[in-house]
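Annotated NAD(+) binding site per Swiss-Prot: 70-75, 104-108, 128-129, K141, K150, in sequence order. Among the features that Swiss-Prot reports, Zn(2+) binding site is placed at E183, H246, H262, with the record citing sequence analysis.
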Amino acid sequence: MTQPVTVEVRTDPPYPVIIGTGLLDDLARVLDGRHKVAILHQPTLTQTAEVIRNHLADKGIDAHRIEIPDAEGGKELPVVGFIWEVLGRIGLGRKDAIVSLGGGAATDVAGFAAATWLRGVDIVHVPTTLLGMVDAAVGGKTGINTDAGKNLVGAFHQPAAVLIDLATLESLPRNEIVAGMAEIVKAGFIADPVILDMIEADPQAALDPTGQVLPELIRRAVVVKAEVVAADEKESQLREILNYGHTLAHAIERRERYQWRHGAAVSVGLVFAAELGRLAGRLDDATAERHRAILISLGLPVTYDADALPQLMEAMLGDKKTRAGVLRFVVLDGLGKPGRLEGPDPSLLAAAYAEVARS
């Protein structure tokens, strides 16, 4: 991808997702007119954040760096309190903005801080992980974790823009790229089967941050999410399809105290959801098996502890999709045909889990 590509997210108001390389000038353009900007970044991105700060300063913007903890450990209320304190100290006003720089967790917590500071200030997401690019940065869902579960405290707050700089992929560890692929695979199964065809044609090319396949996979995954979000911004119905595989995934993450990568948990969750659909008579055997084959080809896990189901069931009952104690899952009625399964029999859940159980 030699020229930047823009995907428009048609919410109200709409915003651009700009995909390309060397997007510092685009960031300055998006932030034009702001007097102050707070750059929220993870510790490993201090140097990058300083480059951004200096670039914005050259454009006459008073930019400040705020370092936040890495990964899910940063998605906690004390971290948000610290951010609020610094925003107050630097005097960030309603016509100013926040920039999030980092992975999915940084995007989530920065978005929540932006949604709550002065009842909402603009935020521009600059995701630096594959997961952040195709999932957390697009759609306006923000959140933090509590003892009650993952992302149960949050707000809908659409960004002013998202800048996906593909050059950052080249410095990512391979396992970060592998983990992010789970969300791309999800997009393929729920809406864009071409994604699956591209991965199956050459899984290693799909994982190559210097090649041409991964940028196109990112673009397609962003388009899927943008279209769903535009149709259902506040997750009243259609947007729930983006949670395909996530009910079990969030339960696994909670059981693992958020030490598992989100993408790894989603991978297991996708296979579980496929088996649940198959055993419920809604998904054909070949498509269910295709889940497992594609995920394995990318190096993602497809099994989890055999004895964990009771704990996972308890965690799933706390999922935000649950209604009056009734579990609700997103399943497929065919390739690209997501639907809902409500209140499945415990024996069906146990049978589906047996397909991902690791002894």
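Each Cβ is built from the backbone N, Cα and C atoms, and glycine gets one as well.
For the binding-site residues D70, G74, G104, A106, D108, T129, a Cα-Cα cutoff of 10 angstroms around H262 (Zn(2+) binding site) retains G104.
All protein chains considered, the CB of E72 (NAD(+) binding site) has 23 other CB atoms within 10 Å. Secondary structure at K150 (NAD(+) binding site), as computed by DSSP, is strand.
Highlighted in sequence order, L131, D135, A182, K186, G245, A249, G263, A265, V266, G269 have their Cβ within 8 Å of the centre of the Cβ atoms of E183, H246, H262, the residues recorded for Zn(2+), and are not part of that set. Secondary structure at E183 (Zn(2+) binding site), as computed by DSSP, is helix. There are 29 other Cβ atoms within 10 Å of the Cβ belonging to A106 (NAD(+) binding site). Cβ environment of T129 (NAD(+) binding site): G102, G103, G104, L172, E176, G180 lie under 8 Å away, each six or more residues apart in the same chain.
Note: H246 (Zn(2+) binding site) has non-local neighbours V266, G269, V330, i.e. same-chain residues 6+ apart with C-beta under 8 A of its own C-beta.
Its own atom aside, the Cβ of G74 (NAD(+) binding site) has 26 Cβ atoms within 10 angstroms in the protein chains shown.
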